[in-house]
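Report on one structure; see the data block that follows.
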Amino acid sequence: MKEKFIISIISQVVSSLGFILAFYLLFLNLDTSSLGIWALLNSVINLGFLFINIGLDSIHYQYSSKKNSSEYLGTFFTIKITLLLINVLVAIFFITIFSFTQSWSNQYSIMLLFLLFSKIFFNIAQIFFINLKSKIKVFRAEIPLFFITIGKSLSIIFLSINLSQFSNPILFLCVSLFLFNLSYLILIVLFSKNEFKLNKPRKDLTLLYLKDVKPLFFFSITLVIATNLGNVILRYSFGLEELGNFSFINNFIIESLLLISGSIATIYLTLFSKFFEEKDLESIKKITYIIEKYFSIFFLWIIVIVFLNGRLILSVLMPQYIETGTILNIMIFIPYLIAITSPYSYHFIAGKKQQINAYINMFTRIVIIVLMICLIPSNILIIQFLGLGSLGYAISLTLPWILWAVINRYYSYKIFNIKPQKNIILHILVAIFSLLISYTLKNLIFKYIFQNQIQLLIVTSVFSLLLFITCLFICKELRREDIKFFLQLIKLQNYKDSLREEFSDQT
């Protein structure tokens with residue numbers, strides 16, 4: 001089973017690296033106003049898809065632990081397609097409104113339509129993806145997604161290199177996204193052969209889905225609003241260039257890191273559901289603590305690097321975005337908080353306490369929305385606000401996740417008696433110590449020895465990693481068992497066996 005965890009992570013890491021390279025070249029060559037338009041177009045479409053999820057995916061993963069789980073697929077598929085049709089109508093309504101405003105031309109309307117159909121293809125494909133992941137058919141699910149993600153990255157790299165040849169690069173992005181999401185749908189349908197058997201939708205199962213999803217309904221709406229409203233406010237308060245600069249951090253750096261932490265969520269949610277059904281809390285604790293431990297170490301090192309060399313990295317690789325360094329320092333905590341807390345959050349879904357999960361997540365998103373309204377714009381109509389722009393946007397996205405992390409741990413302990421790991425505090429202290437030592441040596445010694453900025457960046461980053469890892473071994477947060485664990489993970493035969501087993505299983 002652990003091989004499937006690792007494959008899920010590796011596929012996301014590799015595709016994330018391609019994503020990072022592609023968008024690095026895009027942000028390096030494309031003007032910030034065009035990037036702002038790209039972010040705004042996507043936000044308009046996403047706001048139209050307010051009801052696309054409403055928590056159904058999480059509930060379906062929960063049902064995957066049932067013995068007769070295959071009987072649920074027909075009902076799940078029917079509900080998802082019905083919701084998709086409703087969302088398409090809402091999205092068309094939004095497109096019509098924006099198209100009739102003075103600032104939008106017919107060209108924007110065409111791009112919005114391409115994005116709309118792209119969204120439709122992707123959401124249909126996700127039904128097949130969720131079905132495969134719920135059956136823990138990780139290879140079948142990840143292979144199509146991996147190749148399509150790499151394909152998208154290559155198309156963006158092609159655009160970035162040949163930018164002068166395109167009169168409208170944003171239109172190219174919209175069309176390529178349309179084509180790749182259509183290809184993704186075709187591929188995942190082919191990979192779902194013998195794994196996607198639709199039964200006739202049942203009224204009793206429909207009512208069961210709607211009953212269980214009810215607590216998650218309003219949360220899903222607040223999630224979409226909290227994710228996209230800030231872009232719209234920032235655009236109309238400070239312009240496309242400001243939105244483009246912020247999108248570099250939010251949609252490029254933070255999104256890339258979140259892809260890594262979210263890569264295995266669908267696997268351990270399925271496993272948690274199975275273990276809760278069997279009342280096996282010890283297995284749940286074990287998986288939770290392993291995920292929390294390794295993600296804590298990985299993302300804390302990323303945080304150390306950002307605080308140590310964040311501005312240096314920007315000055316070397318993206319000098320035009322050097323002013324976004326403060327925003328990066330604030331938002332870099334988001335992937336860390338989400339990565340180490342998501343297992344606790346999924347306890348409630350898997351343990352059939354989705355109402356608690358919904359309340360916690362809805363509260364978090366409402367706080368985000370309120371902070372966005374208060375911190376980003378200078379005024380809305382006649383009401384005055386703080387007008388902090390991108391800085392306010394970064395704060396409004398970061399602070400609520402601290403509350404989210406604390407509340408999830410508290411209720412997981414209160415309801416399931418799963419205590420949060422106190423060792424995470426030690427990880428943080430070790431990271432702070434490593435940062436202070438590395439920062440001091442960088443300014444007192446390294447910067448005088450290494451005049452070249454790239455050399456300084458490499459040396460200080462490697463030194464901070466070695467110091468951080470060494471301190472963790474000294475504090476016994478890393479042991480020989482961890483080394484053995486990772487050595488076992490690189491045995492190729494295990495992956496071959498797992499792959500062969502999955503594709504030979506036709507049941």
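Numbering starts at 1 and runs along the chain as it is shown here.
Even glycines carry a Cβ here, placed using N, Cα and C.
Quick look at what TrEMBL annotates:
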TRANSMEM  7-29  transmembrane segment
TRANSMEM  35-56  transmembrane segment
TRANSMEM  77-98  transmembrane segment
TRANSMEM  110-132  transmembrane segment
TRANSMEM  144-164  transmembrane segment
TRANSMEM  170-192  transmembrane segment
TRANSMEM  213-233  transmembrane segment
TRANSMEM  294-314  transmembrane segment
TRANSMEM  326-346  transmembrane segment
TRANSMEM  366-387  transmembrane segment
TRANSMEM  393-411  transmembrane segment
TRANSMEM  453-475  transmembrane segment
Chain residues outside the transmembrane segment (77-98) and at least six past its termini with a C-beta under 8 angstroms from it: 44-45, 47-52, 54, 56, 104, 108-109, 112-113, 116, 119-120, 123-124, 127, 198, 201, 206, 209-210
Short question: which residues 6 or more past the ends of the transmembrane segment (294-314) have a Cβ under 8 Å from it? 257, 261, 321-322, 324-325, 328-329, 332-333, 335-336, 339-340, 424, 427-428, 430-431, 434-435, 438-439, 442, 453, 456-457, 460-461, 464-465, 468, 472, 477-478
Are the transmembrane segment (170-192) and the transmembrane segment (144-164) close, by which I mean at least 3 Cβ pairs under 8 Å that are 6+ residues apart in sequence? yes
Recorded stretches the transmembrane segment (326-346) and the transmembrane segment (213-233) touching, at least 3 CB pairs under 8 Å: no
